[in-house]
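Engineer: Grabbed the feature section from TrEMBL, which reads as follows:
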- Gly27, Pro28, Ser29, Gly30, Val31, Gly32, Lys33, Ser34: ATP binding site (BINDING)
- 1-11: compositional bias 'Low complexity' (COMPBIAS)
- 20-198: domain 'Guanylate kinase-like' (DOMAIN)
- 1-31: region 'Disordered' (REGION)
Amino acid sequence: MSNDSASASAAGGRGPGPAQRLAVLSGPSGVGKSTVVREIRARHPEVWLSVSVTTRPPRPGETDGVEYRFTDDAGFDSMIARGELLEWARFAGNRYGTPRAPVEERLRSGQPVLLEIDLQGARQVRETMPEALQVFLAPPSWDELVRRLTGRGTEPPEVIQRRLDTAGVELTAEKEFDATLVNTSVDEVRERLLALLGLDGG
Ligand SMILES: Nc1ncnc2c1ncn2[C@@H]1O[C@H](COP(=O)(O)OP(=O)(O)OP(=O)(O)O)[C@@H](O)[C@H]1O
Ligand SMILES: Nc1nc2c(ncn2[C@@H]2O[C@H](COP(=O)(O)O)[C@@H](O)[C@H]2O)c(=O)[nH]1
């Protein structure tokens, strides 16, 4: 696994400036992306998190329009056909995409925007919006990733296995990113990510 401080510094002078404040947070399922984003937004509510559209069924406690906009295959197909998605990907048997208009609107108004998306989506954004800061969240170890994904208790064993198979591939792509943060401590990652985003720690 990567060395967080060394990798984080690889971002160099790059990052969301006043005119372009888009950041992508990616990393394997269960590594802690949503946990870290929650922490960031608790301290900086002005950071806008894109609400993705997905064909995945809601988990208990998830609300349409909050964690995701839940749709069916036909709904997702028409969003693609109308060019409404900034990027989209198939992940563990479902489709996920970033609605384009709200992201563009927030960026136009100067608000910092965060996308929490998978590797395929991150690659698409790198092509279409190369100015976005791309951050990879890595687990401290493979065993810890398995523990987190299993411990979360949101997926059945076969889906966990599918996500872990994908995680093996995703971990090999870490070097494509501007910075890597190893999620050993949420507090530490929060502070490092805030620094990368040019925001005050807390
Ligand atoms: N630093 C950490 N130490 C221990 N547990 C953690 C840490 N960060 C997150 N977790 C736990 O790991 C589990 C997975 O976290 P989370 O749901 O945020 O992952 P994710 O990357 O958003 O997953 P997915 O991509 O599947 O949506 C949760 O139970 C969370 O509480
Ligand atoms: N390419 C995209 N990936 C997305 C988007 N929204 C979420 N995701 C990623 O999907 C997996 C699984 O999410 P889960 O909520 O079912 O656990 C995870 O890696 C997310 O980051 C998106 O709009 N585009």
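Keep in mind that glycine also has a Cβ here, set from the backbone N, Cα and C atoms.
Can you walk me through where each of these features ends up in the structure?
Structural biologist: All protein chains considered, the CB of Gly32 (ATP binding site) has 23 other CB atoms within 10 Å.
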Engineer: Output the one of Gly27, Pro28, Gly30 that, of all these binding-site residues, has the highest number of other Cβ atoms within 10 Å of its Cβ.
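Structural biologist: Counting every other Cβ within 10 Å of each candidate, the maximum falls on Gly27.
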Engineer: Can you go through the binding-site residues Gly27, Ser29, Val31, Gly32, Ser34 and pick out those with a C-beta less than 6 angstroms from ligand 2?
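Structural biologist: Near the molecule: Ser29.
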Engineer: Tell me which residues of the chain lie with their Cβ under 8 angstroms from that of Val31 (ATP binding site), as long as they are six or more apart in sequence?
Structural biologist: Leu137, Ala138, Pro139, Leu145, Arg148, Ala167, Asn183
Engineer: May I have the list of same-chain residues other than Gly27, Pro28, Ser29, Gly30, Val31, Gly32, Lys33, Ser34 whose Cβ is within 8 Å of the Cβ centroid of the recorded ATP site, in sequence order?
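Structural biologist: Everything else in range on the chain: Leu137, Pro139, Leu145, Arg148, Asn183.
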Engineer: List, in sequence order, the same-chain residues at least six positions removed whose CB sits under 8 Å from that of Ser34 (ATP binding site)?
Structural biologist: Glu116
